[in-house]
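What TrEMBL records for HIS282 is active site, proton acceptor. The feature glyoxylate binding site is assigned by TrEMBL to TYR29, GLN132, TYR134, ARG169, HIS282, ARG285. The FMN binding site feature in TrEMBL is assigned to PRO82, VAL83, GLY84, SER111, THR160, LYS258, SER280, GLY336, ARG337. Among the features that TrEMBL reports, domain 'FMN hydroxy acid dehydrogenase' is placed at 3-387.
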Amino acid sequence: MSKYNVVAVTTNDYKRQAKQRLPNFLFDYIEGGANAEQTLQANTADFKRYTLRQRVMRDVSAVDTSTTLFGESLSMPLALAPVGMAGLFARRGEVQAARAAEKNGIPFTLSTVAICSSEEVQSATNQPFWFQLYMLRDRALVLDMLHRAAASGCKTLVFTVDLALPGMRLRDYRNGMLGGSTKGKISYLTQLFTRPGWLLDIGILGKPHSLCNLKHKVESASDLDRYKAFVESQFDPSATWKDIAWLRNNWSGNIIIKGIMDADDAKAAVDAGADGIVVSNHGGRQLDGVSSTIDKLPSIANSVGQQTKVLLDGGIHNGVDVVKAIALGADSVLIGRSWVYAMAAQGEAGVNKLLALYQQEIAATMGLMGVSRIEELNSDVIERFNQPFNNPLS
Ligand SMILES: Cc1cc2nc3c(=O)[nH]c(=O)nc-3n(C[C@H](O)[C@H](O)[C@H](O)COP(=O)(O)O)c2cc1C
């Protein structure tokens, strides 16, 4: 039987379906990483080096996957990571994902460069979303976004610090998304017409495609190229830890600093007053050659102890990966591509099924390890460092 006609049960099943629905340049934009994609590959591969400890006869009749994070009760230690332009992967994609997150009892993070605005997401959901911020040169615009997010009920800010400069995502150049060559533009337009379903459902009926949190700042509000140029000219490479103090003065909720890959930076984030950090290399999309996040997690978590919440993203494909990350020191994880593939493949229903599967997998894994509560997952339950393993279901 073809791999495409099966019931999707893994992130890679959704990925294959997403590849069939999306124009190639969009699929590559999601799938790709920076430069030679070494870090992208390591993020996933390194999870397979860790093995779990199996304990038996420990009464696991009431396994509980729930946890509390920043005062919110979560059905499991997982949140949807911010993903830019998600409204190009499914119609009003951010709204669909936020609804699925709410239904499954976990947070959704809205990107600075989302297609849907804070107000649009708020009006479609009851649960507060998390808002992700890039530091832009135009501080008045940053303040405007913060006020709008707060007015929309958001209490948790995810401040991304690993994008001082845009990473070199070579697939985007190859597909004509970046670089501005005529050959590239022709290639990009040709790819659009190979996916008529996408063209109608999202390309036409999914409009407007403007980056709605920024639209009053860009002259031609319907032109994505202008947005890209605007956003790239706005990333502020001069930002330092001092800017966190400015942010603190202008944001009364929690601040999570996303993009920490070094124990010294983790300590600096704590000193700057971060309520949480995300051990993240932007899904391998920024600095190629940096370690995988799962390999960095134990030393970073040890360096900050209980002073701040530690989250992790990068390479998580299933509930077993989540359990490993929690055991190695994370309080929670975020998933990026995993939810995007499910949404591009099957919309909100796909994200709902994916999240239900994550929870089932976390519960089954904990039960089979003889563990009933998330707090019991610690370094004692990770048994050894092993050779990478290839999953036959992938
Ligand atoms: C298509 C795509 C767009 C992304 N856009 C953003 C963004 O706007 N802001 C941000 O902080 N991170 C962004 N990220 C990074 C994710 O938040 C997250 O760190 C990463 O996807 C985690 O790795 P994973 O995809 O292996 O789960 C993006 C990732 C992808 C794949």
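Cβ coordinates are placed from backbone N, Cα and C, and glycine is handled just like the others.
Restricting the average to the domain 'FMN hydroxy acid dehydrogenase' (3-387) gives a pLDDT of 94. Taking a C-beta cut-off of under 8 Å and a sequence gap of six or more, HIS282 (active site, proton acceptor) has these contacts in its own chain: THR160, ASP162, LEU163, GLY167, GLY259. Of all the binding-site residues listed here (PRO82, GLY84, SER280, ARG337), PRO82 has the Cα closest to the Cα of GLN132 (glyoxylate binding site). All protein chains considered, the CB of THR160 (FMN binding site) has 21 other CB atoms within 10 Å. The two recorded residues TYR29 (glyoxylate binding site) and PRO82 (FMN binding site) have their Cα atoms spaced 15 Å from each other. Every protein chain considered, the tally of other Cβ atoms within 10 Å of the Cβ of TYR134 (glyoxylate binding site) stands at 20. Local packing around the Cβ, expressed as the count of other Cβ atoms within 10 angstroms, is greatest for ARG337 among the binding-site residues ARG169, ARG337. Cβ environment of ARG285 (glyoxylate binding site): GLY32, GLY33, ALA34, LEU40, GLY167, ARG169 lie under 8 Å away, each six or more residues apart in the same chain. Site extent for FMN: the farthest pair of Cα atoms among PRO82, VAL83, GLY84, SER111, THR160, LYS258, SER280, GLY336, ARG337 sits 17 Å apart. Checking the binding-site residues PRO82, GLY84, TYR134, ARG169 against ligand 1, the ones with a C-beta less than 6 Å from an atom of that molecule are PRO82, GLY84. The number of other Cβ atoms within 10 Å of the Cβ belonging to GLY84 (FMN binding site), over all protein chains shown, comes to 16.
The secondary structure of TYR134 (glyoxylate binding site), as reduced to three states from DSSP, is extended strand.
All protein chains shown were included, and the count of other CB atoms within 10 Å of the CB of SER280 (FMN binding site) stands at 26. Cβ neighbours of PRO82 (FMN binding site) (same chain, under 8 Å, six or more residues apart in sequence): THR109, LEU110, SER111, THR112, ALA114, TRP130, GLN132, VAL158, THR160. Counted within 10 Å of its Cβ, the other Cβ atoms near GLN132 (glyoxylate binding site) come to 23, all protein chains included.
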